[in-house]
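Please read the structure below before turning to the comments.
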């Protein structure tokens, strides 16, 4: 009987210890949970719009993911972006999409002036008040317009957290625009950054990369986790630095862009296969004839950067063309064959090779740009 009572007492003691331990463990777990960044807790249960509170600046601001409104909140990363930008005390910095001013405040401390382009009126009001409260109002110029439709004033550098949904056209505007600048340090979607960094032979080498790198060098700076943003996007980001080249190739930009659109429309096909297709032959014949005053109807151009279509070698298309078109096609293929390009693929070619091929075509009277079009298409 005494032994049984001792056993029962031990069981109760062990049970009590286990219960107390569980309480301590749960308390520690809750304590650890409270040390996690605020955005880790806020991210749960939100779909599109997220309400955030920044204690000193504003209360109850709704951010829309569909408009690319993701605020970078990590001070360490903000400092790293500013350091990697090599800002001089005399510089004017262009910031695109400043939001509530987390990066703007850092830029104002380092540069002489900051020009911030922001479309959202709410953000403009918050930014203006925040900057004024910190005594930087005379160093900041705010342009409340759509950045893609705005003529930029003079600037020396670009430092910006770019909205994901305008990355391609904005990079195009910067590198092929009329403004001269030293560099652009951009926070972009990680996948988009990888595409910009891609080189010939890489699986993701694409038309955007080949066009940007014609006139600028692109350098990787660092990766940034999606957890560092409020609200957190679905994907991670990267910081890259774009530096315009001092010397660029002597090539007609519109002709080059049209040429790369043709080549990278089916970038993994051989050039011989691509230029044997009846539709492509007729299109090039029309565009080339238009340079000589011909009234030949210009066919609609096809674009894209996809290899999803079924590959056609086009060997029998020659029988379907009239005499002039057949002669034109033979001229195109002869240029490719004679210069060793017939079996090569655009995704493997360097800038030097692409420029050489375009020069050979133009010298033979074969052109790619529709002279009636004024649109500059840099990206897919």
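Glycine is no exception: its Cβ is also placed from the backbone N, Cα and C atoms.
The S-adenosyl-L-methionine binding site annotation in Swiss-Prot covers 70, 72, 97, 118, 146, 161. Summarising the annotation, Swiss-Prot assigns transit peptide to 1-26 and lists sequence analysis as the type of evidence.
Annotated features, which come from Swiss-Prot, shown on the structure.
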residue: 70; record: S-adenosyl-L-methionine binding site; CB count, 10 Å: 25
residue: 72; record: S-adenosyl-L-methionine binding site; CB count, 10 Å: 18
residue: 97; record: S-adenosyl-L-methionine binding site; CB count, 10 Å: 24
residue: 118; record: S-adenosyl-L-methionine binding site; CB count, 10 Å: 24
residue: 146; record: S-adenosyl-L-methionine binding site; CB count, 10 Å: 10
residue: 161; record: S-adenosyl-L-methionine binding site; CB count, 10 Å: 25
